[in-house]
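**Q** This structure is in structure tokens; I'll ask about it shortly.
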Amino acid sequence: MSYSQGFPETAVNSKKVVHKKKIKKDKWVPYLFILPSFLIILGFLFYPIATVFYYSLQNYDVSAPYYNSFAGLDNFIKIFTQDQMFIPSLINSLKWVVSEVGLQLIFGMILALLLNQTFKFRGLARAVAFIPWAISGVLASVMWSMMFNEHMGVINDMLMKLGLINEPMAFLASTSTAFGAVVIAELWRGIPFFAITLLASLQSIPNELYEAARVDGASRWKSFIYVTLPQLKNTIILTTLLRVVWEFNNVDLLFNLTGGGPAHSTTTLTMYIADLAVHGSNFGYGSALTVVSFGILLIFAILYLRLSRYEKE
């Protein structure tokens, strides 16, 4: 009798053991499915990064292969002690990032608040507002180059009709106006990025918070300061960080509109690196500058997230 009562319990236990082994075996199946994608990402992302770090320690010049050799830290020492273009190009990069990200955030916030209102043809207005973000950098460069043209540009024509200037100006060829002109062009192109992300966050804010603020007698401005901005905090922090990295590495609009000129007034660090590595074929020194650029962005990202207390109340 005891044998017949114990047999079912033994069978159940054996089934549990088999089931647990099957679970342990099956848990690796999802990882096997994503392994090919992981290897592709590893090849296309981490291999180039490792190559850049390797070349930064080399004297690697395609135009003079007989000089190629191990350089150690010589390239980095040269950057901070001998390179006359490093500091000016870094300053231009900082000016570019601060002006672009700051203005894009302000105007993107305004656009998001407007598009969050209820009005006729709101869907169409949202679609039109996001068009600049979908336009390629090369196409945007051609368009703005024509608009800034000294002889047939619409901007010169408009300013002369308004009486703001007496004669056409070569905006992209003057050291006093080239940087501002390119900032305006990139501003038009970058505002939709902030508008899209901020609009999505605005739509997720509960209406009860605004109703409670109205009950307490808060004005629209106070509701924006004490309700809207705190709810948008993490979105603003993340999008600003992403945009800083993007604009710091941005090269297409600057290259196509000014080529870094006139007189290097629009030469950012990224443009300087591209000129050395691509046009000058000095991949070793260009890679060292890239590593320095990466270090600057990494330090900024860590400090920014810590000081801004991302995802913390």
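Just so you know, glycine gets a Cβ as well, placed from its N, Cα and C.
Pulled these features from TrEMBL for this protein:
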DOMAIN    90-304  domain 'ABC transmembrane type-1'
TRANSMEM  28-55  transmembrane segment
TRANSMEM  96-115  transmembrane segment
TRANSMEM  127-148  transmembrane segment
TRANSMEM  168-188  transmembrane segment
TRANSMEM  224-246  transmembrane segment
TRANSMEM  283-305  transmembrane segment
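Mind mapping these onto the model and telling me what they sit next to?
**A** Outside the transmembrane segment (28-55), and at least 6 residues removed from its termini, the chain residues within Cβ reach (under 8 Å) are 283-284, 287, 290-291.
Counting same-chain residues at least six beyond the ends of the transmembrane segment (96-115), those with a Cβ under 8 angstroms from any Cβ of the stretch are 122, 125-126, 129, 179, 183, 186-187, 190-196, 198-199, 202, 236, 239-240, 243-244, 247-248, 250, 254, 268.
Long-range contacts of the transmembrane segment (127-148) within the same chain, counting only residues at least 6 positions beyond its ends with a Cβ under 8 Å from a Cβ of the stretch, are 111, 115, 154-156, 171-172, 181, 185, 188-193, 195-196, 252-253, 256-257.
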